[in-house]
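For reference, TrEMBL has these:
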TRANSMEM  12-31  transmembrane segment
TRANSMEM  51-70  transmembrane segment
TRANSMEM  82-99  transmembrane segment
TRANSMEM  129-148  transmembrane segment
TRANSMEM  168-186  transmembrane segment
TRANSMEM  193-209  transmembrane segment
TRANSMEM  215-234  transmembrane segment
TRANSMEM  246-269  transmembrane segment
TRANSMEM  327-350  transmembrane segment
TRANSMEM  362-388  transmembrane segment
Amino acid sequence: MNKLNHLKQNLLVILANERITFLIFILYYIGRIGAYTTFGTQWPITDKGFQLLRMLGAIYFALQTIRLGMGYLKDKHSLKQIMIMVGFLILAVSMGINVFVYGSYLYLTDLLIGFTLSHISLRKNLKVRCYLFFGVCIFIPLLCALGILTNLMTLRGETMRYALGFDYTTRISGIFGFATLYYCCLKRFDLRFEEIFMLVFSSLLINLLTDTRTYFFLELGFALLAIMKHYRLIDRFKKVFLAIETLFVHFMPLASIMTLLLTLCYRYGGIFVKIDKVLSSRLSQVYADLINYGLYPFGVKFSMYGNGGSQVNITNLFGSNYVDAGFLQLLILIGFVPFIITIIMMYFSIFHFYQKKMHYELFISFIIVFLSMFSAGMMSAESVMYILMFYGLREIYNANRRVQSE
């Protein structure tokens, strides 16, 4: 019995250590991003190693969620706190059911990571991700340059696109885009001209190699904001920024509905076919997924094939069925029950940020939501949206706790 208690105490000490938590997250991320490189096709044995890292992360963050969740059960709860806890429980259970339906535990792990890391300061979270993402953007292309990984190539029209060691061309642009977002927010957009130059030059170089316009224009927008901050022009446009912020907060839930409606409208042709061309056939592709697979409470089982890596032979014959919209990926793959709860909880967190004038938290949320309308922005942000969601909900929960104690 003493040995069991001693083991339990040691486990709790390990779980309470922030550095170990971030180390496990980094290992999990390596396991996850490794599956999106050509390691699997060139060095098949590495697949098992990446799987073990993902399993280690899933188990660790499941234990962390149980440990942290037990702490909330000790409180005397108000109605608002009970609603938050019940919402989280339903979300976790429904995503647990999805593991058996869809056959992957990655989405559930994202939720557990988000819940766990929301108990650590947001600045530390962004800092770790920023360095990790920039490191990946250097290391994987370096291995590709050394011939250890393959530089896969695809065509868009007459433009050759290079994957630089990843399984598809958009992978590195997305990672670099989010790394840039986190770096700018950590620096409060107070960048030196040397940093702005490197930001623009790097994004231009990646765009020339990968032809990924979305993140290129996004990064140019970050550079423009940094220049405006440098010349103190932000204050002149403060009312405009605050108006955009207000519109985003109040209409955020409609973004997911608009994405779904726009996709369904593809069937009517006309202008929607033209929009589809602008969005690189995303509407037609996701519309086909909606028709073929439908919507279910806890997701649906199907194999999703993109245009890169080992899947290219399949998509050359049958076309891609990749759900290239973060909101609809959540809706189709995970199910409309987790989808509805996630949108509601996201809205309450974002509204809390708005009330507390937490502008940078709102800015990151805005970028992820914006990208999720026509790309896999939300689901490729590696659980950051869940961290923000739980970060806001925890502040609401703790504020209610303080009111009770007064």
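Glycine is no exception: its Cβ is also placed from the backbone N, Cα and C atoms.
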Exercise for review: Rank 12-31, 51-70, 327-350 by Cβ pairs under 8 Å to the transmembrane segment (82-99) and hand me the top one.
Suggested key: 327-350
Exercise for review: Go through 51-70, 129-148, 193-209, 215-234 and flag the stretch with the largest number of C-beta pairs under 8 Å relative to the transmembrane segment (168-186).
Suggested key: 129-148
Point to revise | Spatial neighbours of the transmembrane segment (12-31) far in sequence, C-beta under 8 Å, 6+ residues away | key: 49-54, 56-58, 60-61, 63-64, 67, 109, 113, 116-117, 120, 124, 128, 132, 382
Study note, to complete from the structure: With the cut-off at Cβ under 8 Å and a gap of six or more residues from its ends, the chain residues touching the transmembrane segment (51-70) are 11-12, 15, 21, 24-25, 27-32, 34-35, 92, 105-106, 108-109, 112-113, 115-116, 119
